[in-house]
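Asks: Per TrEMBL, the feature domain 'CSC1/OSCA1-like N-terminal transmembrane' maps to 5-165. For 6-27, 84-107, 145-164, 367-390, 410-439, 459-478, 490-516, 565-595, 678-697, the entry in TrEMBL reads transmembrane segment. Summarising the annotation, TrEMBL assigns domain 'CSC1/OSCA1-like cytosolic' to 187-353. The domain 'CSC1/OSCA1-like 7TM region' feature in TrEMBL is assigned to 365-616.
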Amino acid sequence: MDFSSFLTSLGTSFVIFVVLMLIFTWLSRKPGNHVVYYPNRIIRGMEPYEGIRLTRNPFTWIKEAFSSTEADVIRHSGVDAAVYFVYLSTALGILVLSGVILLPVLLPVAYTEKTISANETAIEGSFNELDKLSMAHIAQRSHRLWAFVAATYWVSFVTYYLLWRAYRHVSGMRAEALMSSEVKNEQFAVLVRDIPPLQNSQTRNEQVDSYFKAIYPDTYYKSMVITDNKVPNKIFAELEGYRKKLARSEAIYAGSKGTTSPEGSRPTTKTGFMGLVGNKVDAIEYYNEKIRELVPKLQSEQKIAMKDKQQSAAVIFFNNRVSAASAAQCLHDTMVDKWTAMEAPEARQLLWDYLSKNFYERLIRQYLVYFIVFLTIFFYMIPIGLISALTTLDNLKKLLPFLKPVLDQATVRTILGAYLPQLALIIFLALLPSFLLFLSKAEGIPSLSHAERAASGKYFYFSVLNVFIGVTVGHTLFDSLKTIQDDPNSIFDVLAASLPGSATFFLTFVALKFFVGYGLELSRIIPLIIYHLKKKYLCKTEDEVKEAWAPGDLKYGTRFPYDMLILTIVLCYSVIAPIILIFGVLYFGLGWLILRNQVILLILPPANASRFGHIYLHVYLTPNPAFASGFHQQVLKVYVPAYETYGRMWPHMYTRIAASLLLYQATMIGYFSAKEFIYSPVLIPLPILTLLFIYLCTMKYYRFFQVTALDVACRELKDIPNLEGVLRSYLARSLSAEKGTDDVQFVNDLVHVSRPGSVV
């Protein structure tokens, strides 16, 4: 890529961002789009601009973003969202403080180097103008390299300082949230797995109740044994599907009635596969008949699941938070593979199908998944390396000669040279997150938040190994294959020399991510188009329209690895090509600003909350009505949190930042060695300091993110908890469906032992 292509890509990306921002300002004010830009205000019965002074200023959203405080985010969006902003602020702080020193010091040092010409240092595919601002312009063994050594230490110590502050700050946030006087159902529950086989004639409920009642005689409340719900789940999903189809058919029938045809035309369907084959029947009568058939079938399967399909796992409940917190972190049996206890996640997070996996099965699954991930990383590295190498214009002309007339056009060459490799890489990477989330769940992880943390960790290491290392190595080996064949010992020198040249690719990659990526985030143009297409061609009922604009969450599992990839790239090139720090600051600065806008909060008086808003929360956010009724006073602009873990994501974030720091330090040691700088061993203490820093932070802070400190759990509550309501919140939807909310006998069937003499 030449310098003009780089400037073109940068300018085009900026223009796209400005256009998308103006589109947001224009489209967000149109009434038909309010459900996309202000969904959570709509579902509360609010006007989109309620509480806001409407102006024509297109930058008003920036003021709104800055006006919200961390306390607002914690109070209304949860600790997890606030922790994510701490991560963005920490990354931004690292890059800003690094840039304050590196840019004014290293750029003049590199640019004024006279002992080596740009032509001698320029690598094929790079451009001389930026080479002059990087370490590539510094001569071998030059004393000017001492400035870059000092810069390497400066970036490391800035990272240590800000990470330590952030860890301490997030720990305090977590403690304050857990000490809240509000009743949180999960703080009274403990998830127990690896329950031993039944002995004598005990039921599973009797076994669990008698075991924990003996240990906690005064504070133990009840247990709810996990059941195999595969059949009820399948019937429940089928039942819900028929109900939606019935509502759709009734809406179509009502819409067919008019002045010319007052009786209307009753819709029909076919009884075979997906309504496409089989006998044609009246749709409304057919769906009603199916519903009548499935309801008693579901009730029958619910009883079978509760009686005959109890698993070796249970959720147990205590009458106070201290006992639950203590039980969750205690060793209950002499063998670690029996009576394993842990803090119960929120009911909406539970992955029911994996709760009954035993200790050894989880262990085997974990190592098997690690092996599959290793193979995935290895085999993905091949196509990613090929993509980075083959999507350069020169290589395309070699491999596809018939494209030469098109690629020789100045406009086409400039645009493709600027964007093609980066777009190909971004699209290729978009296919991976769902697969990694599936693998993480398959490990036997009990909660959605834990699975997303595990998947994001895999995705981070995948991104670093395949994108950062794979692109650099793949591009270099493809371009320098003949040189390496002639002199195999030169491979390390070639790889080291390629680092400044690869900075060109990553500069454009980062610019594309923050200008175009965050422009799309702000404008929400893709969700808007999808919503209007669904509404026009697919949606027939109000419920279908509501589902079409249903807001999602921040998707930490994919968002954070993308951010960490950018931070890793910028850190590793911060000293080699300091100009990249500007792009990193823009990425995290824009990210903080735009995402702050997406989670700006307002408070809606409960009296104004619409009935639909409450139902929406109950169905889409959580099976816990107590949570929904407590949440309906709080309003987000776009995103709704899918779960709350009180900052458990932070140690994962911290570890990945520290891993990126280690990679940065190893890269610098290798590059200084390639520069034949005899004092390069002076950098060896840095990785050792980083490992000691990781150990110190982990020993000091990490355990509190695994379990709840008893000092935190012992704080008084504002209200006496309704333990029966706490227990009901953990009922699976497929087991509680078709049961009245006051059906006490149903709950008793699930959590009590039916025989006399049982321990409760």
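Cβ coordinates are placed from backbone N, Cα and C, and glycine is handled just like the others.
Bear in mind that TrEMBL entries carry predicted annotations, made automatically and left uncurated.
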Asks: Honestly, do the transmembrane segment (678-697) and the transmembrane segment (6-27) touch, with at least three Cβ pairs under 8 Å and pairs 6 or more apart in sequence?
Replies: no
Asks: Give, as a single whole number between 0 and 100, the mean pLDDT over the domain 'CSC1/OSCA1-like cytosolic' (187-353).
Replies: 88
Asks: What same-chain residues lie close to the transmembrane segment (565-595): Cβ under 8 Å, and 6 or more beyond its ends?
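Replies: For the transmembrane segment (565-595), the far contacts come to 62, 65-66, 84-85, 88-89, 91-92, 94-96, 98-99, 102-103, 106-107, 130, 133-136, 148, 151-152, 155, 159, 460, 463-464, 467-468, 499-500, 503, 506-507, 509-511, 513-515, 518, 521-522, 554, 657, 660-661, 663-664, 667-668, 671.
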Asks: So if I exclude everything within five residues of the ends of the transmembrane segment (84-107), which remaining residues of that chain have a CB under 8 angstroms from its CBs? That is, six or more out.
Replies: 70, 73, 133, 147-148, 151, 154-155, 158-159, 162-163, 165-166, 169-170, 173, 554, 556, 559-560, 563, 567, 570-571, 574-575, 578-579, 581-582, 584-585, 588-589, 591-592, 595-596, 649-650, 653, 657
